[in-house]
Amino acid sequence: PRVCVVGSGPAGFYTAQHILKHHGGALVDIYEKLPVPFGLVRFGVAPDHPEVKNVTNTFTQTARSERCAYYGNVTVGRDVTVPELQQAYHAVVLSYGAEDNRVLGIPGENLPGVYTARAFVGWYNGLPENRDLKPDLSCDTALILGHGNVALDIARILLSPLQLLRKTDITDSSLAALACSKVKRVWLVGRRGPLQVSFTIKELREMINLPGARPVLDPADFTGLESAVKDAPRPRKRLTELMIKTALEKPVEMQAAAAGAAAPREWGLKFQRSPQEVLPSADGRRARGIRMALTCLEGSGDSAKAVPTGAVEELECGLVLSSIGYRSLPLDPAVPFDSQRGVIPNSSGRVQGVPGLYCSGWVKRGPTGVIITTMNDSFDTAQSVLEDLQGGVLDISPSREGFGLVESILRSRGVRPVSFSDWEKIDAAEVARGKAAGKPREKIVDPAEMLQIIGH
């Protein structure tokens with residue numbers, strides 16, 4: 001059987017890995033729109049979390065298998081359609097992730113000084129489409145809307161001492177911009193309360209221990225929470241206890257500041273505030289602050305809803321980052337898509353109403369969870385493919401040409417795919433440039449330059 005996987009992030013690679021491991025004869029081709037593989041492992045994981053990127057070693061082993069091939073620089077839906085892939089393969093798995101972001105839907109969100117978390121993360125991680133972002137870091141206060149791990153990543157990058165960032169694979173141009181940054185204070189704002197934050201304890205602890213930055217948590221936000229969290233699941237309980245402990249501690253820096261030392265950078269969590277409007281500067285040319293509705297919570301736990309109380313509050317900030325979630329986009333008119341939920345309607349990864357078509361990862365279940373969540377989810381989809389092969393649901397009696405057919409389609413449209421060994425040349429070039437700068441790699445951010453390195 002010939003199987004094709006669209007997208008080379010964790011969902012795509014884990015799906016391919018599981019099929020190859022449990023079916024001794026399957027051939028798997030992975031298509032990717034960028035020349036370089038690995039999706040959010042390369043472009044989403046924070047530069048100062050190199051250990052999380054070690055999964056690329058496993059992905060590389062998969063790609064080097066003689067039954068697997070990688071074709072980068074191919075945009076499915078434009079260079080080749082999903083029905084064309086279905087002609088060429090017995091099964092097609094869509095694992096292309098979530099390449100858009102949710103919008104705030106408030107006045108002023110398009111003002112200069114307002115950025116999506118997705119674009120900002122893409123900028124410091126070298127995602128080609130965000131390489132020219134040039135965020136304005138000339139203000140002293142930044143405000144991040146959202147209480148997830150991505151919000152904490154951004155806060156940490158904005159406040160990290162430069163000597164820590166210099167040793168990472170953060171891009172050269174964003175390092176230069178952060179070196180000139182005037183941002184000293186970062187607020188992370190959420191519509192709901194401390195019991196509903198979606199970041200994890202590891203990320204919070206890292207933020208609390210960040211050198212040269214002190215946490216500012218209001219003890220009043222945490223009154224009575226010890227008893228409320230008594231019977232909560234252990235991760236939620238430990239996370240809340242860490243916030244309470246941090247809120248009540250008198251930091252050492254306070255004494256230092258009292259003794260006349262320079263005030264350090266600081267960050268804090270604000271709760272039960274919902275953005276209403278980004279306020280423009282006097283000349284209307286950029287963001288100068290944000291108006292927020294104060295909310296109260298109806299219900300409890302994860303299902304609690306934030307309801308405006310009628311009271312509002314304004315906060316001065318020259319930089320606003322919205323970290324309220326990613327969203328998937330429809331890929332091809334031939335594929336059903338639930339635009340309300342931003343997913344492909346499916347059952348265990350089998351796309352509804354389209355036999356032989358599957359999905360895995362964020363486009364299957366929505367943009368939540370970490371790499372391990374995606375791994376389990378992808379194994380689940382791969383299992384559906386294997387069951388359908390074993391049970392005869394997928395008819396493999398007609399032989400399919402696989403890439404042979406796709407290649408002629410691409411050639412006729414002037415598209416030249418990038419192979420995995422091509423990527424390894426780009427990889428080697430990045431590592432060599434990084435070595436010269438004392439970094440693990442210096443990412444190439446321009447696809448044209450990537451193609452030049454491999455002589456395309």
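Placement of Cβ uses the backbone N, Cα and C atoms for every residue, glycine included.
As given in TrEMBL:
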BINDING   ALA11, GLU32, LEU40, VAL76, TRP362, GLY369, VAL370, ILE371  FAD binding site
BINDING   HIS147, GLY148, ASN149, VAL150, ARG191, ARG192, GLU203, GLY369  NADP(+) binding site
DOMAIN    2-158  domain 'FAD/NAD(P)-binding'
For the binding-site residues listed here (ALA11, VAL150, VAL370, ILE371), tell me which residue's CB has the most neighbouring CB atoms inside 10 Å.
ALA11
Confidence summary for the domain 'FAD/NAD(P)-binding' (2-158), mean pLDDT rounded:
97
Please name the residue among the binding-site residues GLY148, GLY369 whose C-beta has the most neighbouring C-beta atoms within 10 angstroms.
GLY148
Candidate with sparsest Cβ neighbourhood (10 Å radius) among GLU32, GLU203, the listed binding-site residues:
GLU203
Out of HIS147, VAL150, ARG191, which of these binding-site residues is nearest VAL370 (FAD binding site) by C-alpha distance?
VAL150
Neighbours of ILE371 (FAD binding site) among the binding-site residues GLY148, ASN149, ARG191 (Cα to Cα, within 10 Å):
none
Give me the CA-CA distance between TRP362 (FAD binding site) and ARG191 (NADP(+) binding site), in Å, as a whole number.
24
Relative to the Cα of VAL76 (FAD binding site), which of the binding-site residues HIS147, ASN149, ARG192, GLU203 has the closest Cα?
ASN149
